[in-house]
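> Sharing a structure below in structure tokens format, with a few things to ask.
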Amino acid sequence: MQSSQLLPLGSLLLSFATPLAQADALHDQASALFKPIPEQVTELRGQPISEQQRELGKKLFFDPRLSRSHVLSCNTCHNVGTGGADNVPTSVGHGWQKGPRNSPTVFNAVFNAAQFWDGRAKDLGEQAKGPIQNSVEMHSTPQLVEQTLGSIPEYVDAFRKAFPKAGKPVSFDNMALAIEAYEATLVTPDSPFDLYLKGDDKALDAQQKKGLKAFMDSGCSACHNGINLGGQAYFPFGLVKKPDASVLPSGDKGRFAVTKTQSDEYVFRAAPLRNVALTAPYFHSGQVWELKDAVAIMGNAQLGKQLAPDDVENIVAFLHSLSGKQPRVEYPLLPASTETTPRPAE
């Protein structure tokens, strides 16, 4: 008859304690680098956002009359039904022109340190003015926008309520502030990763935890950290090795166009990775459709590493855990134009 050996109590306890310690260490490491998405944003630059501003901004966000053609709205390129982006390489603008860069998601953009791939807008209010005036995008002017909105009594009343202290309520600046107020509501809390950061260890599965560890240990989190896992700082694309010209077109020098500083050539804002599984294609060029390919390219270009296939798969699984609760948006009824509203133009 075989005799059985009993595992010493200390060894038994240690065998249970080791995985728990490893789990705690992973959570502690992640908590030092990342923060969960807040449930809502109630103020901008220390000022409370009013309901009147949000509701006005929502209508303006969806109103194509802000464009010269009356065809394009903010939602055209930042579609709230498709992850806050438009899922094409570069957006189609006025007269079927194609923009030079992929449209970033509007979801959680309020948490970015600056807007656009090159950071040329300091906040969402400043960002809102850019596409409207860009001849490739909405091809309008501040004067035309003010004339359009001022010709619609319902908008005039809404601007007065949203900006009661303004000497000129219907203005291009206030339009941008209202859009910013609405866009600040477009946040996606309670992703599996958010729940994990808040203490729910079971919110991530085993593969996603492996991916999180690989993401941090490989160096991805050096650029992609904070609330948005990116969007906070600028880095050269091709820090170690330049990617193919299709991914990094030579004609787009990134932040150099803003600063005119040679060291900023091919420097871009680190892409926020929240909801990244929903916002293909990837990179400012919009030339990479598969998340696994984007991860492999970043390993080569930024880290100088040929990531192992298992690491790529695990990181992709982790990135899927960044998809949060999508905003439930009811399309607004827009006020009718009047006889004095400027007509669409080519």
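Positions of Cβ are set from backbone N, Cα and C atoms, glycine also.
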> Need one residue: from M175, M298, the one Swiss-Prot lists with C220, C223, H224 for heme c 2.
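According to Swiss-Prot, the candidate sharing the heme c 2 site with C220, C223, H224 is M298.
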> Report, in whole Å, the straight Cα-to-Cα distance of C220 (heme c 2 binding site) from H78 (heme c 1 binding site).
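That comes out at 26 Å between the alpha carbons.
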> How long is the line from the C-alpha of C220 (heme c 2 binding site) to the C-alpha of H284 (heme c 1 binding site), rounded to the nearest angstrom?
18
> Other residues near the heme c 2 site, CB within 8 A of the CB centroid of C220, C223, H224, M298?
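Apart from the listed residues, the neighbours are F215, G219, S221, A222, G230, A270, L273, Q302.
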> Say you check the Cα of H284 (heme c 1 binding site) against those of the binding-site residues C223, H224, M298; which is nearest?
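Its closest listed neighbour, by Cα, is M298.
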> Could you give the Cα-Cα distance between C223 (heme c 2 binding site) and C74 (heme c 1 binding site), in whole Å?
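One finds 28 Å between the Cα atoms of these residues.
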> Whole-number answer please: how many Å between the C-alpha atoms of H224 (heme c 2 binding site) and C77 (heme c 1 binding site)?
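Computed Cα spacing between H224 (heme c 2 binding site) and C77 (heme c 1 binding site) is 24 Å.
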> Quick check: in three-state DSSP terms, what is H224 (heme c 2 binding site)?
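Assignment for H224 (heme c 2 binding site) reads coil.
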